[in-house]
Amino acid sequence: MWASAMNTFYCNYTVLSTAKLDVLISFSPWLLKLKFRNVVSDFLTSYSPPQVLIKHVCCCLTPQFSFTPQRHHPANSCLLPICSLHGAAVTTVEGVGSLKNRINPIQERLAKCHGSQCGFCTPGMVMSMYALLRNHVKPSMEQIISALDGNLCRCTGYRPIIDSYASFAKQTCCQLRGTGQCCLDQEELGLIKLFILTFLKTYKSLSFPPQRMAQEQQRKTLIFCSKRTTWISPSTLKELLELKAKYPKAPVVVGNTSLGLNKNDCDDYHPVILHPLRIPEMQVFSITDDGIVVGAACCLAQLRDILMETIPKLPEEKTKIYQALLQQLRTLAGEQIRSMASLGGHIVSRGSAWDLNPILSAGKSVLNLASDGGKRQIFLNDQFLAGHKHADIEPKEVIVSVLIPYSTKDEFISAFRQADRQKNAFSVVNAGLRVLFSPGTDTIVDLSILYGGIGSTTLSARKSCEKLIGRQWNDQMLSEACKLVLEEISLPPSASGGKVEYRRTLLVSFLFRFYLEVLHGLHQMVRTGQELSAENLHCSTHSCLQDVDPGQSPQDPVGRPIMHQSGIKHTTGEAVYIDDIRPVDGELSLAVVTSVKAHAKIKSIDISEALQVPGVINVITAKDVPGKNGNDEEEAFAKDKVFLALREVICVGQIICAVVAETLTQAKCGAKKVKIVYEDLQPVLTIKDAIKHNSYITKERKLEKGDIEKGFKSADKIIEGELHMGGQEHFYLETNSVLVIPRMEDKEMDVYVSTQHATDVQKLVASALNLQSNKIMCHTKRVGGAFGGKITKPSFFAVIAAVAANKTGRPVRFALERDMDMLITGGRHPFFGKYKVGFMKDGRIMAADFQCYINGGCTKDESELVIEYIVLKVDNAYNIPNLRVRGHACKTNLPSNTAFRGFGFPQAGLFVETCIVAVATKTGLPHEKVREINMYRGVNRTAFKEKFDAENLWKCWKECLVKSDYHSRNTKVEEFNRKNYWKKKGIAIIPMKFSVGFNATYFHQAGALVHIYLDGSVLVTHGGIELGQGIHTKMLQIASRELKIPLSYIHFCETSSTTVPNGKYTAGSVGTEINARAVQDACQILWKRLDPIRRNNPKGKWEDWISEAHKKSISLSATGYFKGYVTDMNWKTKKGHAFPYFLYGAACSEVEIDCLTGAHKNIRTDIVMDASFSINPAIDIGQIEGAFIQGVGLYTLEEIYFSPEGEQLTLSPDTYKIPAVCDIPEQFHVYLLPNSCNSIAIYSSKGVGEAGFFLGSSVFFAIRDAVAAARKERGLPLDFTLNSPLTVERIRMACDDIFTKMVTVFPFLL
């Protein structure tokens, strides 16, 4: 038995040491267990110094044992094993800068450039940039983009983040807002330069704190022990080999990116883990006569940097394999994973989607192995990757290093990959191809073709290659090669991962691209477009702000781009979210047990084993609810028996019971021990199933306008078609979280919850506990993203936690992990639409009959409202004289879908635009002309008789045509397409009429409470909730204007049911303006009360007025109230004033697609938005951009998969891809329509939080335009339909060509 060493490392100036630790615990939960509040953020930086280190920047996986040049590594704190940090210096965002100490320019820059909205992802952005600047004082824009490609943001759309950091780049500062000037003044820019110089000067002179400890421990074997696992870090290769001989099954862990991501908290563990990072031979890098030797423990980021430095030093003919490797490394994973994952781990894990293995194998790489019995070499070939015994690593062996040979003059090597997202995504298919020619000829001497993503391991077309040796490199050879490869590399129809035809098409598409590259290398000519290169994003942005009235007081902040109220706190990690609240004495953690069946009866629930798990306090079921178990539509807990009958579960993910324990790990272990016996029932899963079984949540919603039968009779042509749209996950960065704290008396409870609707939380918790609402105090400081997903669902999570707290008498914390949040909560409604459209030869639509269906899931939730909004909004910007719309919300056995940004309009808008495109295709007219001829004009009425003026719709449309230079660029797109066969461009311009708010008056009411204190400071509270949309910032701006005092006098504390009761949910784009009315009302009341004081002392200061008012017993507190916009919709008469007002916009997008792979890049987007007078144009532009990119995700990227049994398969960032930095347009321009007004809303503003979402469809239709160009050149029909999301698979298969036809020629292989 070993004695455990003391684990010691530095974190933000502080020495942390422990002898008792769980070996498997990672850095962030370990610190949280120690109650280190805010020492940890999602991302760290790590540092690998040879000698010196600065005091508070670095963080390293194992820096003191690095044998490579100095480097700082960004890393995921949740993956860093605590044992791996021994002797390291770790810096988190709090160590970079804080409000208490000094704000770092990186943090200040991001906040001032409005690069933070909800703020939950912001610390990660800061740390990624921080690590980059430590390694590269003046990085290129390419390096900045690369540094951020492992970070995700759901709010901003990334543009302001890139702008924020552009001033650190070599090229230039941001030149934000189109003024040609940086948004930081010269003094601030000087501070940034000074900071960078100080960065280097100061820190180079400082000694790395753990250096002496590292030297002392260098010769010792480090051993850390816990109850089940021992972590051993040997210092020599000999020790490692002895340990591996003794423990052959022990995993060798470097970056923990495989073991850490797949660990099981309860049952799966390894008795011994070996950590070899202190061994010099495994971090070696050397250039030999045969090639480059790289240590197996070198991380992938190190390998990339090594190759970038080495390639220019070698003859070009020797570097072909290194260039191919570098190409893959630029898109492999994100920077945080690249900085942790090792080359040896990547190789030996042999994942099918691992991008480096095929090219390493094709390049004849050699593995240098060692064991206690000696050393040997084996080829990294297809047999090794397939795990063949004679070519595999023995259990007692380890990979010490990898020899990557030089390429030769007559050799060509290429690597290819295609993923669902350009970067930071597992490849769908990857490939490594190599050909060697007889010197001076095109005769094949040797050929290697390897693919990943097809089978469980990398596959080789070995037999095909053997048959092609001796052939000449020509079209005949290519044709035969494709046939041979498709015959040899088979993929059954039921293959894991699906996309069978697409994946097989990629086999030959990659082969063809390689053929073209080699031809080019052999200096032969062929008619082809250049392939899509792996170009890095260089983002050119322009966001046009509004001019402020010259007569407006400089002190008045309304209409100015004021920084987000919490912007600095976001960047320093000091902004508090629910799970940041310090642990409370006696606090318990909660984990839920969910149904694994889509539709079944619960026969029994056995909790006995769960109660035996150490630390488990109790199991909470429906029987423990004192009052009502949920609401009339949905239960908090599924019941096992109701009146002696078996109770049904109605979806996978339905909560059955909850386990409370001393720690989250114990609660999760207990939840896994709960045994449930089911009796299966037949589920209904799809819209098609629901229609077949007549399964609907609500009655049909129907609108009619004109005489539809007469309209069809008058039409020249009639077309019919369908559109399918998938759903969308909210993927807010902060998952659902709640902390319930019982008070000592009167059964009161404090509920801290991440929600959009605190009143509903209060109501349901009170109902569940059989208490009055006045005993439930709900608190929400801020929410880390919501997008509609936190309106209804958080109330049920709060009920579960509150019932547990009520039963145990102790505080309960319930924070869902990502997979559980995605499993339980549902998202945007999948959509199916059928259309029949009659039109004239000139493109005028005479009649349209629409049938719209949505998949509502298992309960009503918001589905009734969503289908109503689809029916009301489906016309978008088009005046269809004869229209019938019927809407159905289908009931299925999937988790209930709920509200989502845009609330039905993204589905309805795409549907009607699909009809417009179909009409344009049939008439042969330009799409923009068909749109123009059908757009509303002047004062008009909707199908439900609401009056509106379309003047601003046309202003936005015309302005967008001009700003985007649409007609000129459309001509250039057509010219480009004539010259290129394998890549095409497309351009589309889309108009929008968006209705803001709700179709009932009471949804628009709001309250506020404003206090003035004796020192003149002001406290503002209101019923709205900060979701990242800057609502509190705007409230402070309004209070500043109304009270005529500086912003610095005003503070907002939190949204709470104790200060402003009965608030409606913050949604529908109107949260800001209705609460603004209430704040304005309260401030005006106070201002009026101060009238006598001001008249008596007109030149007095604000503080003097307040002091005098108090002496005269004038109340300095006021409540404000806004009754709401008067709206109504009568579904019986089919008439109403359904929405307060309309907002207009237009967007033009240009894209380029790769017809061989389906990849696309967004070249440029121009948006014109009718925001009227923006209270804060920087925040509003951020909302437009963020919504747009989220829309791009819905329409082109984000895809949810369910198993045939109804279980969601996309439950993590690995399998569900939201847009990343690489997905934003290279040129991104947003303009606010000038000289617009809105007499309804406060200060003539408009709510823009949702409107930009639908404009993301301009990318969808630009891609369709590019696909149409490809199909036209191939002689294919142009009346095709593309469903959403328009993924790489759908794009590629729509570009039907000889390679897709090859796949269908061999049906026996499918």
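These residue numbers are counts, starting from 1, taken along the chain as shown.
Glycine is treated like the rest: Cβ placed from N, Cα and C.
TrEMBL annotations:
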- GLU1250: active site, proton acceptor (ACT_SITE)
- CYS78: [2Fe-2S] cluster 1 binding site (BINDING)
- CYS118, CYS121, CYS153, CYS155: [2Fe-2S] cluster 2 binding site (BINDING)
- VAL252, VAL253, VAL254, GLY255, ASN256, THR257, SER258, LEU259, ASP355, ARG417: FAD binding site (BINDING)
- GLN756, PHE787, ARG901, GLY1068: Mo-molybdopterin binding site (BINDING)
- PHE903: substrate binding site (BINDING)
- 224-409: domain 'FAD-binding PCMH-type' (DOMAIN)
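Closest to CYS78 ([2Fe-2S] cluster 1 binding site) in space, going by CA atoms and restricting to the binding-site residues CYS118, SER258, ASP355, PHE787, is SER258. Geometry remark: VAL252 (FAD binding site) versus the residue listed as 'active site, proton acceptor', CA distance 49 Å. Apart from the site residues GLN756, PHE787, ARG901, GLY1068, the chain places the Cβ of ALA786, GLY788, GLY789, ILE791, ALA899, PHE900, PHE903, LEU1027, THR1066, ALA1067, GLY1249, GLU1250 no farther than 8 Å from the centroid of the site's Cβ atoms, the recorded Mo-molybdopterin location. Within the set of recorded positions CYS118, CYS121, CYS155, PHE903, GLU1250, the entry lying nearest in space to ASN256 (FAD binding site) is CYS121 (CA atoms).
ARG901 (Mo-molybdopterin binding site) has its Cα within 10 Å of the Cα of these recorded positions: GLU1250, taken from CYS118, CYS121, CYS155, VAL254, GLU1250. Here the candidates are the recorded positions SER258, GLN756, PHE787, GLY1068, GLU1250. The one whose C-alpha lies nearest to that of CYS153 ([2Fe-2S] cluster 2 binding site) is PHE787. Same-chain neighbours of the [2Fe-2S] cluster 2 site beyond CYS118, CYS121, CYS153, CYS155, judged by a C-beta within 8 angstroms of the site's C-beta center, are, in sequence order, SER116, GLN117, GLY119, PHE120, THR122, ARG154, THR156, LEU733, GLY784, GLY785, GLY1028, GLY1186. ASN256 (FAD binding site) has a Cβ environment of 27 other Cβ atoms inside 10 Å. Here the binding-site residues are CYS118, VAL252, GLY1068, and the one ringed by the most other CB atoms within 10 angstroms is CYS118. If you take the Cα of CYS118 ([2Fe-2S] cluster 2 binding site) and the Cα of PHE787 (Mo-molybdopterin binding site), they are about 11 angstrom apart, rounded to a whole number. Closest to ASP355 (FAD binding site) by Cα-Cα distance, out of the recorded positions CYS155, PHE903, GLU1250, is CYS155. The distance from the Cα of GLN756 (Mo-molybdopterin binding site) to the Cα of CYS121 ([2Fe-2S] cluster 2 binding site) comes to 19 Å. When the Cα atoms are compared, CYS155 ([2Fe-2S] cluster 2 binding site) and VAL254 (FAD binding site) turn out to be 34 Å apart. Considering only the recorded positions SER258, PHE787, PHE903, GLY1068, GLU1250, CYS121 ([2Fe-2S] cluster 2 binding site) has PHE787 as its nearest partner by CA-CA distance. Cα-Cα distances to GLY1068 (Mo-molybdopterin binding site) place PHE903, GLU1250 within 10 Å, out of the recorded positions VAL254, PHE903, GLU1250.
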